[in-house]
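Trainee: Structure provided below as structure tokens; questions to follow.
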Amino acid sequence: MGIMMMILGLLVIIVCLCTALLRWNQMRYSKKGLPPGTMGWPIFGETTEFLKQGPDFMKNQRLRYGSFFKSHILGCPTIVSMDAELNRYILMNESKGLVAGYPQSMLDILGTCNIAAVHGPSHRLMRGSLLSLISPTMMKDHLLPKIDDFMRNYLCGWDDLETVDIQEKTKHMAFLSSLLQIAETLKKPEVEEYRTEFFKLVVGTLSVPIDIPGTNYRSGVQARNNIDRLLTELMQERKESGETFTDMLGYLMKKEDNRYLLTDKEIRDQVVTILYSGYETVSTTSMMALKYLHDHPKALEELRREHLAIRERKRPDEPLTLDDIKSMKFTRAVIFETSRLATIVNGVLRKTTHDLELNGYLIPKGWRIYVYTREINYDTSLYEDPMIFNPWRWMEKSLESKSYFLLFGGGVRLCPGKELGISEVSSFLHYFVTKYRWEENGEDKLMVFPRVSAPKGYHLKCSPY
């Protein structure tokens with residue numbers, strides 16, 4: 001009996017302590033002028049609930065507090081915005097104190113000069129440098145021929161395989177395609193070394209920044225250091241060779257006729273940015289497009305008709321051109337609808353540089369603002385039957401210009417590689433649907449939060465078309 005009373009007393013103390021901690025944390029952030037919301041536990045906030053419940057957490061908070069509320073997620077006090085017009089304002093007004101505010105682990109691993117970390121003149125320099133690498137002329141003369149050659153060869157022989165894990169294949173595809181555009185002279189062992197380190201880096205960017213052995217963060221930092229070493233060695237070799245290279249690294253290192261001269265560190269950060277920024281969006285969009293096309297035969301029929309018409313105009317070995325990519329209207333619609341329905345990117349983070357008024361509330365300096373776009377993608381007032389895969393909705397070009405179109409970010413942070421990414425996915429779909437028919441091999445489950453993935457892979461059986 002005595003032991004039971006002790007246990008009961010201990011439980012009461014724990015409950016009281018937890019309640020007190022929750023109340024204390026809520027009072028810490030109950031400043032006058034803040035939007036409504038809850039802050040969860042000290043230090044951890046509501047991150048656990050956010051990651052565990054995902055979209056349901058956001059839906060519940062929206063029902064309780066509206067489309068603009070406070071929380072404590074991703075390691076810091078955060079304002080969540082789900083209002084389409086307000087989101088556009090936030091993204092369009094970096095100069096008013098709404099700068100990029102990505103998690104510390106991402107900034108540490110991607111580098112202090114990466115395009116997501118800098119703003120003002122530094123951002124203009126890095127963005128200008130990146131845009132010069134993927135201009136229409138560069139796309140036409142250099143990038144697209146390399147992408148086409150890579151996709152044509154990468155997709156060969158899949159019908160000889162018992163099963164194809166599309167998730168694994170598209171991840172490797174996105175990474176290898178980018179790496180070969182950056183440094184086309186790399187040998188296979190060098191490519192494998194980059195690949196091994198890069199996949200560790202990706203995991204590290206989405207980890208808690210605890211720098212102790214065994215953590216994903218430590219592994220990510222070490223992977224970034226190893227990639228820096230590999231890049232430094234490659235850049236030194238190129239400097240000593242005196243040769244001219246026409247890949248992205250060659251243009252970044254070019255001293256003559258280069259408006260955007262970067263330091264060696266800025267070049268390394270730019271290379272990692274190029275590898276990282278397109279990796280998940282290109283790979284996941286490619287995988288999910290095949291999933292939706294499999295489930296919607298009419299959409300697949302329309303897409304295949306578009307690509308077969310292009311092939312009929314060409315010799316068997318003739319590559320895709322930029323004009324071909326531009327002519328793929330339905331393919332572009334499939335890519336947009338896949339990005340919307342799967343919500344490849346859940347939102348965008350901003351940070352306040354000073355106390356500022358927003359939506360009638362006073363947001364303190366240093367708080368993050370999470371422009372949460374997932375709910376907007378499924379808003380019935382914006383999209384008819386939003387839970388249905390309907391690429392035809394995007395054939396109306398004006399939909400891309402709507403204020404709530406944030407699939408690629410917005411404002412000065414609009415994804416600079418948008419058209420390059422679309423070209424890569426379009427090329428992948430072109431060669432896949434003209435080479436193969438496919439069926440799902442098993443009942444693989446897909447997760448949609450915190451990132452779209454197939455925990456055990458997404459397996460297909462391919463046969464010749």
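Each residue, glycine too, has its Cβ placed from N, Cα and C.
Note that this is a predicted model, so its numbers are computed, not measured.
Grabbed the feature section from Swiss-Prot, which reads as follows:
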BINDING   Cys415  heme binding site
LIPID     Cys462  S-farnesyl cysteine
MOTIF     462-465  motif 'Farnesylation CAAX motif'
TRANSMEM  2-22  transmembrane segment
Trainee: Near the Cβ of Cys415 (heme binding site), how many other Cβ atoms are there if near means within 10 Å?
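Mentor: A count of 16.
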Trainee: When the motif 'Farnesylation CAAX motif' (462-465) is classified with DSSP, how many of its residues are helical, how many are strand and how many are coil?
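Mentor: Secondary-structure composition of the motif 'Farnesylation CAAX motif' (462-465): 0 helix, 3 strand, 1 coil.
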Trainee: Tell me, how many other CB atoms lie within 10 A of the CB of Cys462 (S-farnesyl cysteine), whichever protein chain they belong to?
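Mentor: Cβ-Cβ neighbours of Cys462 (S-farnesyl cysteine) within 10 Å number 21.
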Trainee: From the Cα of Cys415 (heme binding site) across to the Cα of Cys462 (S-farnesyl cysteine), what is the distance in angstrom?
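Mentor: About 33 Å separate the Cα atoms of these two residues.
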Trainee: Over the span of the motif 'Farnesylation CAAX motif' (462-465), how high is the average pLDDT in this prediction?
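Mentor: Mean pLDDT across the motif 'Farnesylation CAAX motif' (462-465) comes out at 94.
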